[in-house]
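*Asks:* So that we are looking at the same thing, I have put the structure below in structure tokens.
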Amino acid sequence: MLSSVVFWGLIALIGTSRGSYPFSHSMKPHLHPRLYHGCYGDIMTMKTSGATCDANSVMNCGIRGSEMFAEMDLRAIKPYQTLIKEVGQRHCVDPAVIAAIISRESHGGSVLQDGWDHRGLKFGLMQLDKQTYHPVGAWDSKEHLSQATGILTERIKAIQKKFPTWSVAQHLKGGLSAFKSGIEAIATPSDIDNDFVNDIIARAKFYKRQSF
């Protein structure tokens, strides 16, 4: 009788031990949205100086300036949060980076005229140049966001190939810079230390804290 009790006690103990693991090898963990950062590095660990300071923007620059503008655009961008997350996961890009580009380029679409910038040259939430990229879909559609995010990933991969010894952070920053100004303009790490890239990373960190 005693041996039987000991046996079942051991079985219960083993079961409890296995149950202490958060998930088995056959199960995938359910990641909190704030933990998802895609395939191109964790932006929360990346250094940035924020928007460039100059004589005309002493008060609205640096990390505080970037965060201020990101917060101002939050209300306009919030309705696209689910869409941004879907597109981000499809392309393995941090949704916060997509949100940051939307903030920087179109203020969440609030300054666009039928999807176009004031010169009629760039289209959509992420502002694709019509001559370079030939935008598709409605300006605030999943099709547009997917096209633009796909272009961003192409640029990141091109930088990875061109500069294989660069760090993960440099590859992402290089891809962002190439998305804005082209790959040809990038030759050294100093070329990716620019206003656009630093501003995007700072804004992205803000949006990551807002659960993007």
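Cβ coordinates are placed from backbone N, Cα and C, and glycine is handled just like the others.
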*Asks:* C61 forms a disulfide with which residue in Swiss-Prot, given the options C39, C53?
*Replies:* C53
*Asks:* Tally every other Cβ atom lying within 10 Å of the Cβ atom of C39 (disulfide bond).
*Replies:* 13
*Asks:* Based on Cα distances to C39 (disulfide bond), point out the closest of the recorded positions C53, C61, E105.
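*Replies:* Checking each of C53, C61, E105 against C39 (disulfide bond), the shortest Cα distance is to E105.
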*Asks:* If I restrict to non-local contacts, at least six residues apart, and a C-beta distance under 8 angstroms, what lies near C53 (disulfide bond) in its own chain?
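*Replies:* For C53 (disulfide bond), the qualifying residues are C61, G62, G65.
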